[in-house]
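Okay, structure first, notes after.
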Amino acid sequence: MVKVYAPASSANMSVGFDVLGAAVTPVDGALLGDVVTVEAAETFSLNNLGRFADKLPSEPRENIVYQCWERFCQELGKQIPVAMALEKNMPIGSGLGSSACSVVAALMAMNEHCGKPLNDTRLLALMGELEGRISGSIHYDNVAPCFLGGMQLMIEENDIISQQVPGFDEWLWVLAYPGIKVSTAEARAILPAQYRRQDCIAHGRHLAGFIHACYSRQPELAAKLMKDVIAEPYRERLLPGFRQARQAVAEIGAVASGISGSGPTLFALCDKPDTAQRVADWLGKNYLQNQEGFVHICRLDTAGARVLEN
């Protein structure tokens, strides 16, 4: 039996729409991500478990884990009879890479089960393809950090899909999921087809400056450059209370904040544990909208997807 855990991820990070993403893990040791188990069987089966299993499609063929198995078999040119189990711990449409968690865990578990016939680059390409079936287009800003860990910059040149960018150990990521759903497709549809020149220039300056600040080890500058002129001005209308929450966490002491992925999760970066706790407390009281919401204080997950059992 192979059991694989794939961590949550925060895509875009305000400054890098579709080209930056970070894998995250709670500081309290909780597993914030999906788990997929694969074991040999006479025929294929899929069992859904976990807190958010009831949110998955009732038709098995619509389940992305089934589609991962089907695509993996196609890639190898043979049917692979296995019993799969998806432990769905991630809320769907949360902005935390929920579909990426399932895709990464499923494909990595299948690859491990079969003796690693696919290398990481090919596996990541498949992950992007499968995740794109849910989000509506292929982009790697969730699957790459989820699979490889850390903060990843999408390259997509010279057969390189992404490369790691050095993060800052002192940064704590406070992630607040309010408990409502925002579909990636809906969040993309709300964006304009064209942007003003000054916005394009500002976006390029922010992103280039952020990457430079990461490599030159300037955390204050990096945090200051985490600004979003591409998506946030349009998407914030989908997120009740987002603008007030951003203002509040800044007043408490967060060094940066924004929309995680396409929302509705809000991320706030803090450089001190006590600030992170106060931000988390405020968000827990004021940003969550129902019992399904949660707040986690996280660090970068540098390990990425990993085998828990084999």
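Even glycines carry a Cβ here, placed using N, Cα and C.
According to Swiss-Prot, the protein has these features:
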BINDING   Pro91, Ile92, Gly93, Ser94, Gly95, Leu96, Gly97, Ser98, Ser99, Ala100, Cys101  ATP binding site
(request) Determine the minimum-neighbour residue: among Gly93, Gly97, listed as binding-site residues, which Cβ has the fewest other Cβ atoms within 10 angstroms? (result) Gly93
(message) Other than Pro91, Ile92, Gly93, Ser94, Gly95, Leu96, Gly97, Ser98, Ser99, Ala100, Cys101 themselves, what residues in this chain have Cβ atoms within 8 Å of the centroid of the ATP site's Cβ atoms?
(response) Ala8, Met90, Asn142, Gly261
